[in-house]
Structure formats: C-alpha cells, structure tokens
Amino acid sequence: MSEKKRRRGDAGPSALGKKSRPASRAEELRKQLKPDADILASVLKMCAASKAAPSSSKTLTLCDLNLSSACREVSDRDSSSVLLSIERAALDAAFSILSGSGFSFDVPSRSSSNQLYVPELDRIVLREKTSSRPFASLSTVRKATITARVLSLIHAVLRRNIHVTKRDLFYTDVKLFQDQTHSDAVLDDVSCMLGCTRSSLHVVASEKGVVVGRLVFYDDGDRIDCTKMGIGGKAIPPNIDRVGNIESDALFILLVEKDAAFMRLAEDRFYNRFPCIIVTAKGQPDVATRLFLKRMKTELKLPVLALVDSDPYGLKILSVYMCGSKNMSYDSSNLTTPDIKWLGVRPSDLEKYQIPEQCRLPMTDQDVKAGKDLLEEDFVKRNEGWVEELEAMVKTRQKAEIQALSSFGFQYLTEVYLPLKIQQQDWL
C-alpha cells in the first residue's frame, strides 16, 4: 500500500475533527430490513389468518339483509335461459305493436342517485328502479333502437355459441351506434334488464390485465405456468369461464395499479423472494381482471395487498376492485373483492420515506376535488386509516406516483420499499 493510500485511512486529528456524512434516509431504511426469513414468517401468519377467516363466518348476501329499499342483482345464466328472455322481450314488443301501443323497454336506472352502499357487504348495489325507453318518443327513440339492435346481436351470438368483443359489437352497426361508448352503455343496460352477468351475454372486453408469479392454471385446456411468462406476464383471458384448475404456493396476491411497476416486479422476480402472485389491469380495472382477482381470492383464500399511486385516482381504482363501480353496481357481487389491504403508496409515505420534493407532484384543483369527493363516500368514512391519509393528501396538496421511489434507485421498490412495508405491516 502506498503512503498516500495509508494516509487516507489514518484517523488523525484532522480526520476526527471532520463530521462524517450522515446516511441518507433511504440507507437508514435499508438497514431496518430484517432477514427475509423473518419477514416471511409474518407473511405466513397473515396468510394463515386469511385462509381461516372465511370458515368462521357465512358470506352475507342481499337476501340476508332487511334493506329499506329493494335492490337488483344479476347472476350467471346459461345461454338457453338468456335466449329465452330475449325472445320473450321480442314477443312482448311484437304484441304491443300489433295492439297499436308501439313498444318500449323498461330499463333499470343505473344513475348515481339509484346507487346504494351497503356497509354489511362493503360494496355498492343497484336499487330496484326502472325507467321507460319508448320507441315513439323523440327523446328515447335512438336509445330504444340501439337497445333492440343489441338484443338482436346478442341473440345471434348466443345461438352460434361464440364470444365476441365489445369492439366487434360496435362495428356491426357503426352508423347506428356512432360511438362505442353508446353501444357499451346499452350492453350494460341489457345485461341488467335480462338479470344476467355481462359474460353470460358472450360479449367480452379485449385482453387488458396481466398476471405473473406463483400461479398455475389451465386456459381452455392449456397449462399456464405464470413463473415462466417473462416480464410481460400472462394476459388474463377475457372469457374467465375457460380458466380452470387454479393452483398456487403463493402467500399473498399483490395487486398493482400500473404496468411500469408490474414490469419492475416481474423483471426482479419479486415473486421468488416473497412467494406471491402479481396482477395489474394497467390502470382502471376491466371486468376480466376483476373477475380473475375475485376468483383467485375465493379459491386460493390468499390476502390481497394493493400498490397504487398516492393520489385520489389511485384510491378510486382501488375502490373499484373493493366496492365496485357505480356503472356496474348491478353485478357487484361477482366483481368485488372487499378485503383488499392498501399497502402503499400512502400519502404518509412521502415523509416517512422522504420522497424528494422534485419527485412529488402538485395536486390540481380537480385532484383536490376528487380527494374531497372520496372523503364523502360511505365506504371511505368507515375506514379511519383511509380518511386520515386522504385528509393529509388534500391538506398538503401533494401526490406521487409509484415510480417516485426510483429516485433512490431503480430497484428500490423491490429491494427496500415493499419488503419493509410487508415487514412493518402498519397498514393492516
């Protein structure tokens, strides 16, 4: 060793007099991590509690509750019964026309005023209220025509025993529908009218959600091992009916809001370090992803932990998974997974993990309004932890994306943040 190098290592008076550089908050948090075996032990306890919970209590349904107003729910129905319902509707319309009365459809109202949050079920349901959609009225003639056309198309699809996408449905009559949002909305109306789930109509959305990790299932007879799907994961089938024989040795399901965080977790093989299944719908959840999550939760009995952005829209997305969307409240019993745990990113994490100011984003007036609106929702009010976090977010007017954690290193999310979150479990 040269004299110059030895001097650098000497702790002489001048060296002792200098203050050592303080460790960053990120380094401090890294040092707080326990061995993986200790973290896994706490996860095992959480997993065991989740598996034991369903056997201790009966799952409540709307029929078990004495609600002040009647509510409407749909169920899965076979093709023959749905076909029969459509044919009855067509005959009713024909008889009405022949009698000189014209025809109309009685359509369940899916407006916000007709929604009801049921605390006992922890989800949104649809009240039993309908509105008339007559063909002879100028204000409803177009919607009545679209309704008749959608019923006709669904009848043809069911008779052929095939599945089509919502986009396929739209392109059968572009001039009538004009915009896919119009045909999509009427499709939900028809599903609600007939009392069946949208999948019972054999109309599905295009593939959107993906899954990776410790999961094996069969997709239309093909064995799918999700540990071998690479960083892109396996697309969740739009027709969940073709999924079977779900198996897993995971300890939890990690629900991720965005594709970028999903890819980071998949590339780092986070599911091998902490046995889990990782799912994302790449933003606002589609029906197939919600159905798939509900099915995994039901069959595997695993806890579900959610990783979303620290902003009102991240929580809105999480609330759709948990309580359902108002647009599809008629099918909330099939689409919701109520007991999801909000792991992060929480507004309190911005200070706790000292996210740099340049990585935080100012909330717009629209963001603040969305946060305040969430605070008025019944499902938020019953959760003190959510209220505290949302109030802090609105007060500071700051938000942050999951990717803000990359300011400490591209793998900080998988190497420090998530393991420490799972270790501390202060979000439970």
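Going from the start of the chain as shown, residues are counted 1 onward.
Each Cβ is built from the backbone N, Cα and C atoms, and glycine gets one as well.
In TrEMBL, annotation is done automatically, which means it is predicted and not curated.
So that you can see what the record holds, here are the features copied from TrEMBL:
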type: REGION; residues: 1-31; note: region 'Disordered'
type: DOMAIN; residues: 142-203; note: domain 'Spo11/DNA topoisomerase VI subunit A N-terminal'
type: ACT_SITE; residues: Y171; note: active site, O-(5'-phospho-DNA)-tyrosine intermediate
type: ACT_SITE; residues: Y171; note: active site, nucleophile
type: DOMAIN; residues: 207-243; note: domain 'Type II DNA topoisomerase VI subunit A all-beta'
type: DOMAIN; residues: 252-422; note: domain 'Topoisomerase 6 subunit A/Spo11 TOPRIM'
type: BINDING; residues: E257, D309; note: Mg(2+) binding site
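Here the domain 'Type II DNA topoisomerase VI subunit A all-beta' (207-243) is broken down by DSSP into helix, strand and coil counts: 6 helix, 15 strand, 16 coil. Counting other Cβ atoms within 10 Å of each Cβ, the recorded positions Y171, E257, D309 show the lowest value at Y171.
Cα of E257 (Mg(2+) binding site) to Cα of Y171 (active site, O-(5'-phospho-DNA)-tyrosine intermediate): a span of 30 Å. Model confidence over the domain 'Type II DNA topoisomerase VI subunit A all-beta' (207-243) is summarised by a mean pLDDT of 90. Cα spacing between Y171 (active site, O-(5'-phospho-DNA)-tyrosine intermediate) and D309 (Mg(2+) binding site): 35 Å, rounded to the nearest whole number.
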